[in-house]
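Student: Questions regarding the structure given below will be posed in turn.
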């Protein structure tokens with residue numbers, strides 16, 4: 001990895017470490033999403049505690065954390081594998097933010113933002129998959145898991161040179177959802193819009 005790639009990777013992690021959910025909740029004088037609801041600083045939990053406006057703001061900011069560094073690397077001509085490393089660094093920053101005591105979110109929105117520079121057709125298909133599963137079953141975590149499982153295949157169809165880094169990124173997100181998988185199997189996972197949760201760290 002050359003100096004430019006290393007700098008881009010470090011910058012991606014630091015940008016990913018800026019917790020949009022925590023900062024937006026502070027700005028709107030809402031409870032800290034790490035301490036209420038599902039205890040997850042992501043758009044789904046902010047939707048529960050702050051409504052649609054706050055959740056959309058978090059979603060867009062989290063996506064930009066992935067888009068900005070990957071798009072920068074893309075235009076600088078960085079190798080696809082290194083672009084994947086940059087994307088993973090941004091998601092790791094979101095999941096384990098150095099600025100917020102390493103207590104972060106699940107990385108779905110940031111990963112979507114990181115995939116966007118590959119192509120709008122791929123991004124649209126990924127978003128359509130998430131929305132379809134979410135509308136049908138009303139589980140944010142299930143929608144995320146189904147989406148990340150099929151995204152490497154979508155990538156292979158549209159831009160096969162990016163399949164490996166995208167698959168690596170998807171594996172990271174599946175790992176971060178291990179508790180959600182357990183709750184889905186036991187029927188304890190809360191649905192989108194539910195206010196009360198019985199366990200921490202849902203979607």
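Each residue, glycine too, has its Cβ placed from N, Cα and C.
Quick paste from Swiss-Prot:
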type	residues	note
TRANSMEM	4-24	transmembrane segment
TRANSMEM	68-88	transmembrane segment
TRANSMEM	117-137	transmembrane segment
TRANSMEM	155-175	transmembrane segment
Student: Go through the chain and flag residues at least 6 beyond the ends of the transmembrane segment (155-175) whose CB is under 8 A from any CB in it; none is fine as an answer.
Tutor: 80-81, 83-85, 87-88, 91-92, 95, 106-108, 111, 114-115, 118-119, 121-122, 144-145, 148-149
Student: Which sequence-distant residues neighbour the transmembrane segment (68-88)? Criterion: at least 6 residues beyond either end, Cβ under 8 Å.
Tutor: 1, 4-5, 8-9, 11-12, 15, 111, 113-117, 161-162, 164-166, 168-169, 172
